[in-house]
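Peer 1: So Swiss-Prot lists the following for this protein:
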BINDING   Asp8, His10, Asp41, His196  Mn(2+) 1 binding site
BINDING   Asp41, Asn78, His113, His194  Mn(2+) 2 binding site
BINDING   Asn78, Arg79, Asp121, Ser159, Asn163, Lys166, His194  substrate binding site
Amino acid sequence: MRTLFIGDLHLSADRLDITQAFTRFLDTELDDADALYILGDLFEVWVGDDIALPFALELAEKLKQVSQKLPVYFIHGNRDFMLGKQYARAAGMQILPEVTCLNLYGIETVILHGDSLCTLDKAYQRFRKLRSLSLARWLYGCLSKKTRQGIADKIRSNSKSSNQQKSYTIMDVEPNAVDALFAKTHTKHMIHGHTHRPAIHQLANGCQRIVVGDWYEQGSVLSVSAEGINLQSLPFEQTT
């Protein structure tokens, strides 16, 4: 048996090919899985459970079917932080805290989306702090659907423009932030996404940091079992 980790699918109505590949993955790759963890940014943008698009509602039905066979866990990302209990319930997903520790076959591991580790991106971290406030989230939820969609589109556009101007270092995790989280959680193994730079990092202090990749051009899946770990790319044509 094995536990699977994915993230950064960025599903949208503009890229239904990714949704189709993910659906095939759910149909074909979970037979021997103990659990599925989705580490954020399942969707490209999420402005509220009351504005879920048809493709997202269909996906919820598929995930609900999966959840009847194995647990499906979800951690919010920077794109879908407004995904709420209503959609999670419809999809059979259990929402986890943004930093969660779990025992993976005897190994204490911390999992998260990963955006909180990119501390050199000061502008984004200010936005992240603001959006985490309960009052800010409540006020946003009170806006009309049209206004929320407009704000989300603006943030998405600004994010793409801003990211093109940021350096590689700023867009990646900051080593001190990684070390601090290891110390805080008393773990030596970490799994996250967000940076879209899949890799297994063996750190000098004996810790291990694994990054799952995005699903823009191919799938990225981390499989963890008692025998070890396997971070693999999954070409979309292999899911047919």
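Using N, Cα and C of the backbone, Cβ positions are placed for all residues, glycine too.
Describe the structural surroundings of these features, if you would.
Peer 2: Under DSSP, His196 (Mn(2+) 1 binding site) is assigned to coil, being neither helix nor strand in the three-state scheme. Its Cβ placed at the centre, His196 (Mn(2+) 1 binding site) has 18 other Cβ atoms within 10 Å.
In the structure as shown, the Cβ atom of Asn78 (Mn(2+) 2 binding site) sits within 10 Å of 20 other Cβ atoms.
The Cβ of His194 (Mn(2+) 2 binding site) has 26 neighbouring Cβ atoms from other residues within 10 Å, across all protein chains displayed.
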Peer 1: Between His113 (Mn(2+) 2 binding site) and Asp41 (Mn(2+) 1 binding site), what is the CA-CA distance rounded to a whole number of Å?
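Peer 2: It is 8 Å, counting Cα to Cα.
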Peer 1: For Asp41 (Mn(2+) 1 binding site), write down the residues of its own chain that are at least 6 apart in sequence and whose Cβ falls under 8 Å from its Cβ; none is a fine answer.
Peer 2: Gly7, Asp8, Leu9, His10, Gly77, Asn78, Arg79, Asp80, His113, Gly193, His194
Peer 1: Residues other than Asp41, Asn78, His113, His194 within 8 Å, Cβ to Cβ centroid, of the Mn(2+) 2 site?
Peer 2: Gly7, Asp8, Leu39, Gly40, His76, Gly77, Arg79, Gly114, Asp115, Gly193
Peer 1: Using DSSP and three states only, what is His113 (Mn(2+) 2 binding site)?
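Peer 2: Where His113 (Mn(2+) 2 binding site) sits, the three-state DSSP reduction gives coil.
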Peer 1: At the Cα level, what's the spacing in Å between His196 (Mn(2+) 1 binding site) and Asp121 (substrate binding site), rounded?
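Peer 2: Answer for this pair: 16 Å between alpha carbons.
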Peer 1: Which residues, in sequence order, are found in the same chain with Cβ within 8 Å of the centroid defined by the Cβ atoms of Asp8, His10, Asp41, His196 at the Mn(2+) 1 site, excluding those residues themselves?
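Peer 2: Those within range, site residues removed, are Gly7, Leu9, Gly40, Gly77, Arg79, Gly193, His194, Asp214, Trp215, Tyr216.
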